[in-house]
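Look at Swiss-Prot and you will find Asp208, His210, Asp280, His461 tagged as Zn(2+) 1 binding site, backed by experimental evidence. Look at Swiss-Prot and you will find Cys91-Cys167, Cys94-Cys159, Cys122-Cys133, Cys223-Cys228, Cys229-Cys252, Cys387-Cys433, Cys586-Cys590, Cys596-Cys609 tagged as disulfide bond, backed by experimental evidence. Residues annotated as domain 'Saposin B-type' in Swiss-Prot, with sequence analysis given as evidence: 87-171. According to Swiss-Prot, the feature N-linked glycosylation site maps to Asn88, Asn177, Asn337, Asn397, Asn505, Asn522, an assignment based on experimental evidence. If you look up Swiss-Prot, you'll see Ser510 marked as phosphoserine, on the strength of experimental evidence.
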Amino acid sequence: MPRYGASLRQSCPRSGREQGQDGTAGAPGLLWMGLVLALALALALALALSDSRVLWAPAEAHPLSPQGHPARLHRIVPRLRDVFGWGNLTCPICKGLFTAINLGLKKEPNVARVGSVAIKLCNLLKIAPPAVCQSIVHLFEDDMVEVWRRSVLSPSEACGLLLGSTCGHWDIFSSWNISLPTVPKPPPKPPSPPAPGAPVSRILFLTDLHWDHDYLEGTDPDCADPLCCRRGSGLPPASRPGAGYWGEYSKCDLPLRTLESLLSGLGPAGPFDMVYWTGDIPAHDVWHQTRQDQLRALTTVTALVRKFLGPVPVYPAVGNHESTPVNSFPPPFIEGNHSSRWLYEAMAKAWEPWLPAEALRTLRIGGFYALSPYPGLRLISLNMNFCSRENFWLLINSTDPAGQLQWLVGELQAAEDRGDKVHIIGHIPPGHCLKSWSWNYYRIVARYENTLAAQFFGHTHVDEFEVFYDEETLSRPLAVAFLAPSATTYIGLNPGYRVYQIDGNYSGSSHVVLDHETYILNLTQANIPGAIPHWQLLYRARETYGLPNTLPTAWHNLVYRMRGDMQLFQTFWFLYHKGHPPSEPCGTPCRLATLCAQLSARADSPALCRHLMPDGSLPEAQSLWPRPLFC
């Protein structure tokens, strides 16, 4: 059976060869125009599928060049050049083709023609099985052609993206800056430790639940499709056990019963003062999801959370898998059937019992909101899809989509004026965002370091963090973002959740994180016939890592301790994967790349890792800094 994409926990190479003559009727110019536009669509689909399949990539998978720019497509997917014949696409030919594309799109973009050729390319490049190729092209084609029509990349930008900087400048996501108030920044004031006996709040953190309503015990966990362990996956070979009852260590999501087990078994970890829930409710079957499927997942899992958590307030954030097509989050100026109104309205209805009127108003507009859980604490839920590298709608305009960052500045300034503290929750971590968005966010965090008490994200499915530094020297740790592990097993992990201990609800509270605990379901034990699932404490951060506190400097120091202490790093590596690390060892390049990621809360900023190498060699540190595709 042919295999599509990559094996588990590896990057997904895309390959193929130049398309031969096609018998489709039409002028050669239109044929080539459709072919290259379809190639762009096929590559976008490859990105979407690999984004839904790749949890961890080797350190060498996505290096930065010595200049600090992301690797070009032909470097990220080297086989594309060899088999597709990428070298035959010269710079003049490329610019000529994209000139024809832009002229044609201004006249009459033919979605059906583009989709037909994209399906052929998807099959030719072996991006996915034929049925998946057909389904995902039909799902994406309308939005992708609409985005291309509205954005109309210049030939220089498109060919710079495809062939590298020698052919043109490809940074279509141009630089931009938000405005900060003229109010001077107060002197940095680290939080004081709470007094002995001060109240402590416990916050349950749920992320990346990924419910698969088609999960089926006994099916093939290593099928050819991007998601397995489900109806249609077939039976495994005799040498391989089928999908387990509670989940599987493979490219599989969770049955509803496992989410019910998680929520019903929270008692030993509680009680909880509130819940932060940072999205990704649907499964990774991104090639045939409908809006009805996404809304079903939203309402079903929201009802389940409400059933088991009762009166505990729950504050959600929007994940990248909530929409369909996956990662499709147009800014609010996109209206009509292409807009996200269908999703935001459904979220507002589902979450209305938890959110006040003003929060529901901005949720309906752009998927973000702010509220006050306690006196003195402001919670801000960001729609991180407006920073996403995979949100193709940002090709039209990536400058502060929905005005969200400028709105964030206003919220933080108002909190500073009141003397409040702020928690930020979101799905995609800031270090994984588009460069300009990420750098602006970094600047905002630095400006409001005294006000911003904590940041919480998900998305990567693994257990990590991102340290922020002062912008002047990049040496003083001033904030940390906590990236919690997923509930889903995707890919090859135990199910898990996080609990944060926070300086509690009292006058003068710092509201900072005091410690955190991670709980897992050991699938090896749970899937034994007749076993009762037991959610167990995996570790406590301060105890396990010997941290004096959980302030930014402590996490910075932990990274540099792990640089020289292999045993400590192996502990981190084990916990990073929720107690089920990959069988491949993490050697020195992998270790340094992983540590670099913990220092990189700002995208495309390899200088943050300049001290990781023993000799301080910046080029080497850059080459080890991965930006893998995550779910």
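Cβ atoms are placed via backbone N, Cα and C, with glycine included.
Given the structure is predicted, the values throughout are model-derived calculations rather than measurements.
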Task = Quick one: give me the count of other CB atoms within 10 A of the CB of Cys228 (disulfide bond).
result = 24
Inquiry  = Cα-Cα, whole number of Å: Cys122 (disulfide bond) versus Asp208 (Zn(2+) 1 binding site)?
reply    = 28
Request  = Note down the number of other Cβ atoms within 10 Å of the Cβ of Cys91 (disulfide bond), including every protein chain shown.
outcome  = 17
Message = Could you check which of the recorded positions His210, Cys223, Cys229, Cys590 is the closest Cα neighbour of Cys91 (disulfide bond)?
response = Cys590
Request  = Could you round the CA separation between Asp280 (Zn(2+) 1 binding site) and Cys596 (disulfide bond) to a whole angstrom and send it over?
outcome  = 26
Ask   = Hey, which of the disulfide-bonded residues Cys94, Cys229, Cys387 is the loneliest by Cβ count within 10 Å?
value = Cys94
Request  = Sort Cys94 (disulfide bond) into helix, strand or coil using the DSSP assignment.
outcome  = helix
Key: Fewest Cβ neighbours within 10 Å, where candidates are the glycosylation sites Asn177, Asn397, Asn505, Asn522   = Asn177
Task = Starting from each candidate's C-beta and looking 10 angstroms out, tell me which of the disulfide-bonded residues Cys122, Cys590 has the most other C-beta atoms.
result = Cys122
Message = Please identify which of Cys159, Cys252 has the densest Cβ environment, defined as other Cβ atoms within 10 Å, among these disulfide-bonded residues.
response = Cys252
Cβ neighbour count within 10 Å of Asp208 (Zn(2+) 1 binding site) = 26
Inquiry  = Of Cys159, Cys167, Ser510, Cys596, which is closest to Cys223 (disulfide bond) if I measure between C-alpha atoms? They're all recorded positions.
reply    = Cys596
His210 (Zn(2+) 1 binding site) and Cys228 (disulfide bond), Cα-Cα, nearest whole angstrom = 13
Nearest-integer angstrom distance between the alpha carbons (Cα) of Asn177 (N-linked glycosylation site) and His461 (Zn(2+) 1 binding site) = 30
